[in-house]
Amino acid sequence: MAVRASFENNCEVGCFAKLTNTYCLVAIGGSENFYSVFEGELSDTIPVVHASIAGCRIIGRMCVGNRHGLLVPNNTTDQELQHIRNSLPDSVQIRRVEERLSALGNVTTCNDYVALVHPDLDRETEEILADVLKVEVFRQTVADQVLVGSYCVFSNQGGLVHPKTSIEDQDELSSLLQVPLVAGTVNRGSEVIAAGMVVNDWCAFCGLDTTSTELSVVESVFKLNEAKPSTIATSMRDSLIDSLT
């Protein structure tokens, strides 16, 4: 299921929300309408939490997370950290990271198994990422852009990358991530895909300007039509991966 939304008439929903398979963070403020769109789709399965990070509402660009954990920048206040800790499931680890490239959502992107990071990210941050989020980390660019977190979005089912990504790059990224990739846009031609949408294994939220063609591409590449919110599928995949490794 792919749904359109906007935050105070702003279609960059990926800036104001962070969605994973175990929780969803939504920026404080804004209209209640934005929050209720997420709550309407997700509240039966995962917690939807109002939050700010380092006093900012652009939480989607400030943090990186998956079902195992959440990394936030070092300037996140104790109060914000405590609120997020209290609101998320106990199984989710939350860690503050001291990183020069502090907009973590712009310089890293991940699903539950693999992460792509900015080529200049600190080694220490890379280790924390691998440890807390339980992912394999690759230093990569997307269409020669170092901000991999801005120009690429992927779940455990599929991924959408910058429209100018070459076929060779798509194939390389696809083999690293082990999911099918499609080059495309959101919000009527926006190349900054991660700012315009958020996605997990069964649901996507795109900006209000997203065309029906873009929406159908999102639904097909992320396999949202056949998807059900299910921890069973996740645990089955985990056991399969364990048996293969």
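Placement of Cβ uses the backbone N, Cα and C atoms for every residue, glycine included.
Positions annotated as phosphotyrosine by Swiss-Prot: Tyr113. Residues annotated as phosphothreonine in Swiss-Prot: Thr165. What Swiss-Prot lists as phosphoserine is Ser166, Ser174, Ser175, Ser235, Ser239, Ser243.
In the three-state DSSP classification, Ser174 (phosphoserine) falls within a helix.
Neighbour density around each Cβ, counted as other Cβ atoms within 10 Å, peaks among the modified residues Ser174, Ser175 at Ser174. Note: the CA-CA distance between Ser175 (phosphoserine) and Ser166 (phosphoserine) rounds to 14 Å. Counting only the Cα atoms, the space from the residue listed as 'phosphotyrosine' to Ser174 (phosphoserine) is about 13 angstrom. When the Cα atoms are compared, Ser166 (phosphoserine) and Ser174 (phosphoserine) turn out to be 12 Å apart. Here the modified residues are Thr165, Ser166, and the one ringed by the most other CB atoms within 10 angstroms is Thr165.
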